[in-house]
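S.K.: Got a structure here, written out as structure tokens. Questions coming.
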Amino acid sequence: MSSPLNHLPNTQKETWRRTVLLTVQSIGVVYGRLSTAPLYVFGSMRRKDIDSDERLKEIFSFIFWTLTIVPLLKYAVIVLRADDNGEGGTFSLYSLLCRHAKVGLLPSDESSDEIMHYETGSTSPSKKNSRARRAIKNNKISHYMMLLLALFGSCMMIGDGVLTPALSVLSASKGLQLSLAKISERSATSECGGLEKDLKKYVPVPTACFILVCLFSVQRYGTHKIGIIFAPVVMVWLFLISGVGLYNIVLWDHRILYAISPKYMYNFMKHSNIKSWKLLGNLVLCIAGSEAMFTDLGHFSKKSIKIAFVCLVYPALVLSYAGQAAFISKHLIPHDDEVVCSTHNAEYFHLRESVPNHTGRSEVFRHFFVVLSLFAAAVGSQATITATFSIINQCQALGCFPRVKVVHTSNIIHGQVYIPDVNWIMMILSIACTIGFHEILPLGNATGFAIISGMLVTTCLMSLVILLYWERSWLLTASFLVFFGSVEIMYLSSSLLNFYKGAWCLVILLVFCMTIMLSWHYGTRKKYEFDLENKVPVNWLTDLSPGLGISRVPGIGFIYTEVVTGIPAFFSHFITNVPAFHQVLIFVSFKLLPVPHISPSRRYLIGRVGPKEYKIYRCIVRYGYCDQVRDTDDFEDHIILSIGEFISREEEDVESLTSPERRMVVVGNQTMNENTIVSVPRGSDSETLSPPVDPSGSSCTPINQKKVRFILPPKSPTMRVSVRMELQELVDARESGTAYFLGQSHLSVQKRASFIKKFLVTTYVLLDKNCRQPPVALNIPRAALLEVGMVYTI
């Protein structure tokens, strides 16, 4: 995900106004989840688990140092530096490793390295072939492990996107229940206990479900519209909880600040048992949302994210947790010769209780706090939902998720996407978790497990980036891995102790998502390998002649294929049964590069297939995992313009090869209007500059009416005659009509295959039949589409 501001040239200095703007925006998008964590950190712990003032200080010490070590030191100081051309997240780290350590398992062939070597507009420096890089490159098992790590981290993010809305909204709804209970106590003196039970039964869960339905329903409007209110809500929320925290520290127990000493953590670990160790699984919720600092990096800049966290978010959270601890110390923990002055006997603590009440019986301030917490919880959930959409979009682009409809909700910020099918599935699962658990504790356990697992994956991949991409020493790499990994493994072990108390649902979701991703990746890879093994050489097509019964028909034929050399098997199958092909053939291949974006001026690689008189071209369309180039209506026009530019430049390219597969040329500038074809809207006066010419002398009627047509400039003295003739033939072929060839492959598995292979192939076939059509076919007229079926047995 990237903001237009991130696409400014690297040489442009970031102004302070731009930094301030991005800082304010990041507070609402990046830190919504982290800022609402005080709603459920202490609220996910039973009051009986905090049985002494010493235990309370130990808990606060863990919260303080966890906030300092993970979001501040790990993410703000170190991980944010490992961006991939301004993009962040698990797959950005994996793409860095694919590009610089050659560990990618995504579909590719022997020409991928050559494609990567053509300029992409990236300024990534070349890396020396170190011993570590050679060892990992030659170890195929490590490649699979890295891919599994990336997929595992993505599944944890998806699980987090399901659980976080349920946890945040339910926590805020509990505050609404407490407010209604207070009102009922003053309005009715009898049957108060029964009324309180009814409120607990009928208020939190239905309210949370209603808010969840509203939250997921507005996703189609996009982050750029519903995010307008995010920053003000989160900023007011942060100022409020920090003010309440400071008030409680001064009024109740300022000595709680002494608990930031690490000795309290040491005492906790020294005298801990299984019961106390489980509390760490709840404490990890205090860093819920820290991963968004890196995942949502493409929206903002590193400086803005750091400034927002250091100057506002971090101090506000520390004051809030310290204030809660000071309030709990005075009101909920019995001291010698003191009476606990708790006004509520609930099993769990809620942040609302620590809010000061000096407005009389109306409790206006507390009611305002409850309403604001509901808005803040929705904002925090929004950030996680948006991050889930981005993760799934990246997985789909990298061939690890079935084809789903991706809607770009902003024409400016390309990374803001909305996936309708995933949105409604997430809503159903989130509501099911809310109704099924209906308590904060199990939802907190499952969410904590997802959070710490995703962070551990980031630590592992980041350590490899330090070693292989930054080329730091083994000692520094090991220090990073051991220091941050030990902290996260400690919390992970605590979360596993709570496995039977809610975390098990995350494992079910993990198995489901991993099965889908691995099956899709396996089936996609096997199909691609089959295409590579069964492609035919270029000479097979160029050697065909009219004497053998092969005829050329007017028009342009677009052949969409995954292979970038040779002739795809499905097209040779078509020619064998229907001995004819078009006057102009264009083999189009889409190649994903492990970078976020490819500049339009560097997107197309054009070359010839066979001699010039055959008029057969190959177009390789390169795109990054955050680019969308197939769903546009003018995609075909860009290819034709690029081929016209290639024809005009070919005479000047002295490095062209004479082999059947000529050297590819990067085109896409489209600035040579005097020497190449140009596009004009149909019906405009400029159409008369160069009317279409039919070689047979008859008038040509276009089969498919297009929005634009192509013409040659009437006066171009520098254009060669041969170039003008070839360009005119290209224009005439376009006017004669266009046909599109797609290979429709079907996988089947051998009877003697293993159960795992049968299961993966069966799952892939089921997904392939029920997922979205290939994006390239969305805007193709059905009358001009030819699908050639092939059966692949693996």
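Placement of Cβ uses the backbone N, Cα and C atoms for every residue, glycine included.
Please treat TrEMBL annotations as automatic predictions, because they have not gone through curation.
Worth saying up front: this structure is predicted, and the values here are computed from it rather than measured.
According to TrEMBL, the protein has these features:
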type: TRANSMEM; residues: 20-42; note: transmembrane segment
type: DOMAIN; residues: 22-542; note: domain 'K+ potassium transporter integral membrane'
type: TRANSMEM; residues: 62-80; note: transmembrane segment
type: TRANSMEM; residues: 141-159; note: transmembrane segment
type: TRANSMEM; residues: 228-250; note: transmembrane segment
type: TRANSMEM; residues: 276-295; note: transmembrane segment
type: TRANSMEM; residues: 307-328; note: transmembrane segment
type: TRANSMEM; residues: 368-392; note: transmembrane segment
type: TRANSMEM; residues: 422-441; note: transmembrane segment
type: TRANSMEM; residues: 447-467; note: transmembrane segment
type: TRANSMEM; residues: 474-493; note: transmembrane segment
type: TRANSMEM; residues: 499-520; note: transmembrane segment
type: DOMAIN; residues: 558-794; note: domain 'K+ potassium transporter C-terminal'
type: REGION; residues: 680-699; note: region 'Disordered'
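Distances, neighbours, how buried they are, the whole picture for these features please.
M.R.: Sequence-distant neighbours of the transmembrane segment (20-42) (same chain, 6+ residues past either end, Cβ-Cβ under 8 Å): 3, 5, 63, 71, 164, 167-168, 171-172, 175, 223, 227, 229-235, 237-238, 241, 282-283, 285-290, 292-293, 296, 299-301, 303-305, 307-309, 312-313, 316-317, 320-321, 324, 328, 349, 351, 373, 376-377, 379-384, 386, 440, 444.
Beyond the ends of the transmembrane segment (62-80), by six or more residues, the same chain brings 34, 41, 88, 259-260, 262, 265, 268, 280, 283-284, 286-287, 290-291, 293-294, 297, 302, 305-306, 309-310, 314, 317-318, 321-322, 455, 458-459, 462, 480, 484, 487-488, 491 to within a C-beta distance below 8 angstroms of the stretch.
Beyond its flanks by at least six residues, the transmembrane segment (141-159) meets 90-91, 93-94, 97, 103-105, 291, 295, 387-388, 391-392, 394-395, 400, 446, 450-451, 453-454, 457-458, 460-461, 464, 506, 509-510, 513-514, 517-518, 521 of its own chain at Cβ-Cβ distances under 8 Å.
Cβ atoms under 8 Å from those of the transmembrane segment (276-295) belong to residues 30-35, 37, 40-41, 44-45, 49, 55, 59, 62-63, 66-67, 70-71, 75-76, 79-80, 88-90, 157, 160, 164, 268, 305, 309, 317, 321, 380, 383-384, 387, 390-391, 444-445, 447-449, 451-452, 454-455, 458, 490-491, 493-495, 497-498 of the same chain, restricted to positions at least 6 beyond its ends.
Outside the transmembrane segment (422-441) by six or more residues, the chain places 40, 43-44, 46, 161-163, 165-167, 169-171, 174, 204-205, 208-209, 212-213, 216, 219-220, 348, 385, 388-389, 392, 404, 501-502, 505, 509 with a CB less than 8 A from a CB of the stretch.
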S.K.: Please report, as numbers and ranges, the same-chain residues at least 6 past the borders of the transmembrane segment (474-493) whose CB is under 8 Å from any CB of it.
M.R.: 66, 69-70, 74, 78, 132, 277, 280-281, 283-284, 448-449, 452-453, 455-456, 459-460, 462-463, 466-467
S.K.: Thinking of Cβ pairs under 8 Å, which stretch from 228-250, 368-392, 447-467 has the most of them with the transmembrane segment (307-328)?
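M.R.: Top-ranked stretch among 228-250, 368-392, 447-467: 228-250.
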